[in-house]
Amino acid sequence: MAGASVKVAVRVRPFNSREIGKESKCIIQMSGNTTTILNPKQPKENKSFNFDFSYWSHTTPEDINYASQMQVYKDIGEEMLLHAFEGYNVCIFAYGQTGAGKSYTMMGRQEKDQQGIIPLLCEDLFTKINDSNNDNSMSYSVEVSYMEIYCERVRDLLNPKNKGNLRVREHPLMGPYVEDLSKLAVTSYNDIQDLMDSGNKARTVAATNMNETSSRSHAVFNIIFTQKKHDMETENTSEKVLTKGVGGGDGVFEGANINKSLTTLGKVISALAELNKKKKKVESFIPYRDSVLTWLLRENLGGNSRTAMVAALSPADINYDETLSTLRYADRAKQIRCNAVINEDPNNRLVRELKEEVARLKDLLYAQGLGDIIESECHRGKHNSHSQKMHIYRLTQETEKIIAELNETWEEKLRRTEAIRMEREALLAEMGVAMREDGGTVGVFSPKKTPHLVNLNEDPLMSECLLYYIKDGITKVGRENAKTRQDIVLSGHFIKDEHCTFSSTTGPQGEGCVILEPCEGAETYVNGKRVTSPIVLRSGNRIIMGKSHVFRFNDPEQARLERERTPCAETPVEPVDWAFAQRELLEKQGIDMKQEMEQRLQELEDQYRKEREEASNLLEQQRLVRENFIQTSPLINSPVPWTKRETELALWAFRKWRFYQFTSLRDLLWGNAIFLKEANAISVELKKKVT
């Protein structure tokens, strides 16, 4: 298995609403595993690429060539899962521009047959584990971690205690790792599904609070899968551990840092491809450490891993340059070779090596007279000047922390996972996020009777992820630091300490009524119109609080009565999602985006023209001032008195210049005379007359 190339697949999605509105044309063609891109400006200049898999998902499932989610998983996911059980490290990552379909391919949706590679792989993982339970000599354990990389900062999505940015370190034995990243033990696919949903909720809350509207970040989901085989005769236990990394990064160019991760990933792919092209393996610099993403993926890109890359493509001609760039990077990624090895018995060996490293570092500290630092941290401030010695001490602490994690029993890991789950649920409950009756907080579920708010987001993966109950009576919405306790806690720009209230009452016939009343000065919009007085809500209303919190109001009882009254009501053609709410807001507020852009462009042109005229006038004034200075300056018009020595030097220089001028002319004439003589000789031979 050593020296295997990275498996590369490309997948093209259908047109989105923006591309349909611009009447875009499809520029991608697929035949077998060959993908061809058509140049919309020069139709004859087509470029073709060959990959391991080319998935045509541009049409509907009725098309015989349509590649479904299950087909993508069977080709890529099943093979990677097989390698996982063999003991290899496995990595699957998605690459492509914004909105190309990376999240859909990796995570998918919750509808039937819409699940992505990650959920299907996790489900199959536990299916295989359960099928192997009959073998008493084999035991399995699974741990997961979920992190987000945004603007070169790493955040733990599963542990609410890790609110800050986590540090990425590199250990001599472990390699790059994220310090204090929580690894939670799971025992079933449902546990993984709950943790995925919890992580997505954490991303949604953080993104909304930072006034973001989509997951403009890189998400990495890690699975640590351990197999233990107990030999009954020798009483020895052999162990296989693999790290299975699956993730998808969004290629949105939001600021320099996100662009930095994607640019660095492209540089690493190109550098590794060039390295494998060379016959003689020479030392070549690979810029892994230029970004957090590539640093953490170092082993997966050209290292000890079985790696698969899914390149997501846009079919529209307006995205030709981005799509061509993605295809070129995917073509280079085929040339990367990974030296994967089976990870057998690493735990005992690693613990032994780490303990030896700790002993060596401690001996080094004692030899330098700093042994008291090990017993007490109070001496730390006394040796700030000894940076090298303190570095040794910190390295010792890091190694001991890793040893403690490796020696942690499975029961201890389960107890720690349960404690973190309780903390996560308590935090969401404080924010007013709805809870299931069994205490779970994950998974989108629709209450059958209670009115509620569901969040809307530009990213489908983060939309309808948070659900807030509107209880009977008064439900308050505001900030955490408000004077009175708020039932639904929001944060971010333009959210007041006490923003608004929902009043829920029940009529004599059992019909419910929910009234929204905004507080003074609070920006609250219902169906695109700003409200300043109480308003009765209808099921399906769009509510925007502040600038970034977008919700849809649902009242199950009200919706049921509406269906009974008008059973033949047509289903709206356009889905009521985040884009619908934003477009509605702009229309109702009288904002014409096209007119706004044209007006802004005209203002910029006028400003440029004005600045150019001012610069020209200033330059002309400076020229006139300089000319006037030259004409009126007494230094320039008055004769310069020369000494006798200066006069002699000037005459000598003039004579030299005149002699050189005639000499140069003479040399030029002699040179041309030679050419003229040759030309005459040639003309005589050719019997041509030269005038």
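Think of each number as a place in line: the chain as shown, counted from 1.
The backbone N, Cα and C atoms fix where each Cβ goes, glycine too.
If you look up TrEMBL, you'll see G96, Q97, T98, G99, A100, G101, K102, S103 marked as ATP binding site.
Sequence annotations record features per position, and here TrEMBL assigns coiled coil to 587-625.
Averaged across the domain 'Kinesin motor' (5-336), the predicted model reaches a pLDDT of 80. The domain 'Kinesin motor' annotation in TrEMBL covers 5-336.
The domain 'FHA' feature in TrEMBL is assigned to 475-531.
Here the binding-site residues are Q97, T98; the one with the fewest Cβ atoms within 10 Å of its Cβ is T98. Around the Cβ of G96 (ATP binding site), 29 further Cβ atoms fall within 10 Å across all displayed protein chains. Secondary structure of the domain 'FHA' (475-531) per DSSP, as helix, strand and coil residue counts: 0 helix, 27 strand, 30 coil.
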